[in-house]
Number of protein chains: 2
Amino acid sequence: MNVLEICRQKLQEGGLRLTRQREQILAVMCEHQGEHLTREGISNLVQQEYPSVGKATVYRTITVFEKLGIVSRNNLDERVRYELADPAQAHEHHHMICLACGKIAEMRGDFLETQEQILLRDYGFHVVNHQLKFYGYCRDCAKEQEL
Amino acid sequence: MNVLEICRQKLQEGGLRLTRQREQILAVMCEHQGEHLTREGISNLVQQEYPSVGKATVYRTITVFEKLGIVSRNNLDERVRYELADPAQAHEHHHMICLACGKIAEMRGDFLETQEQILLRDYGFHVVNHQLKFYGYCRDCAKEQEL
DNA sequence: ATCTCTGCAAATAATTTGCATTACG
DNA sequence: CGTAATGCAAATTATTTGCAGAGAT
């Protein structure tokens, strides 16, 4: 089942509709898979390809997509950013953010599970999700800075 | 050496001045130590205690304080938040954010060091800092939701 | 005395909302 | 057909900036 159908189904489950605009916005998100875009950025991209789509529609759609888990939100940066949610949510990813060039790379790893059990035991805190960012210098920038 | 003197010194090192307003803003941050405040929130608190201080001054001051490491910034939430920087930066802390009541709790732990070594080895990424947030339900809210 | 800092108000940036119209299911 | 969704423009919210005067060192 492809992204579009998953999207249609999730919308229908909530009594919502898959409109032409929502398809187009989804298409743009697909074309930029892996990028971390602000709503404004998404809006600009959409308007390049589909100039008839209003900015407010993009903003409203991202909100809907987020609620349905179609896109995932992160605030790795100054501004909140979105990316197409990983269809196989199973394996989570973390981010490495280069302080020099700003590049955001992803890495995989489930090494927080033990810690989550500790949180439950020690604080009674039930973890449902987490977000981990490493700030530093990527290989290229580290070289330039002679680190 | 107290916070105020540390602040004065850091300012002076940068050729900056410790004005009455900056002292007052610092005082407010001290009174709300441990809280995670937006710049707007800080501005409101300042204006309650010191109505003569302009909003723009608060915004500009927080920016200065951040650059000097007097306050630390986090984007755990929708909006960027600030807190008085831990003078003993040595032991780092992570955050648990309750999805129900919004409360942000802190926890300590240095369990990411191994992972940082792996990042350097596998990706050539030099970590200088990191941020970890756990989202979930705090003890009280978990009880209400019968988790 | 010098040069940073301040308050104000206006400017900008980012997002939300009201409403009449369109179009999905 | 009924109701959710859209586009537009106006409204809101959050933050930044220009500038003339005040104040710290």
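From the backbone N, Cα and C atoms, a Cβ is placed for every residue, glycine too.
Values in this document were obtained by computation on a predicted structure and should not be read as measured data.
Features reported for this protein in TrEMBL:
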type: BINDING; residues: A:Cys98, A:Cys101, A:Cys138, A:Cys141; note: Zn(2+) binding site
type: BINDING; residues: A:Glu113, A:His130; note: Fe cation binding site
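Recorded features from TrEMBL, shown on the structure.
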residue: A:Cys98; record: Zn(2+) binding site; Cβ neighbours (10 Å): 20
residue: A:Glu113; record: Fe cation binding site; Cβ neighbours (10 Å): 9
residue: A:His130; record: Fe cation binding site; Cβ neighbours (10 Å): 20
residue: A:Cys138; record: Zn(2+) binding site; Cβ neighbours (10 Å): 21
residue: A:Cys141; record: Zn(2+) binding site; Cβ neighbours (10 Å): 19
Residues from A:Glu113, A:His130, A:Cys138 facing chain B - binding-site residues, CB under 8 A: A:His130, A:Cys138
Reduced DSSP assignment, A:Cys98 (Zn(2+) binding site): strand
Whole-number Å value for how far A:Glu113 (Fe cation binding site) lies from A:Cys98 (Zn(2+) binding site) (Cα to Cα): 26
In three-state DSSP terms, the structure that A:Cys138 (Zn(2+) binding site) belongs to: coil
A:His130 (Fe cation binding site) - helix vs strand vs coil (DSSP): strand
Helix, strand or coil at A:Glu113 (Fe cation binding site) [DSSP, three-state]: helix
C-alpha spacing of A:Glu113 (Fe cation binding site) relative to A:Cys141 (Zn(2+) binding site), in angstrom: 32
Distance from A:Glu113 (Fe cation binding site) back to A:Cys138 (Zn(2+) binding site), taken between C-alpha atoms, in Å: 26
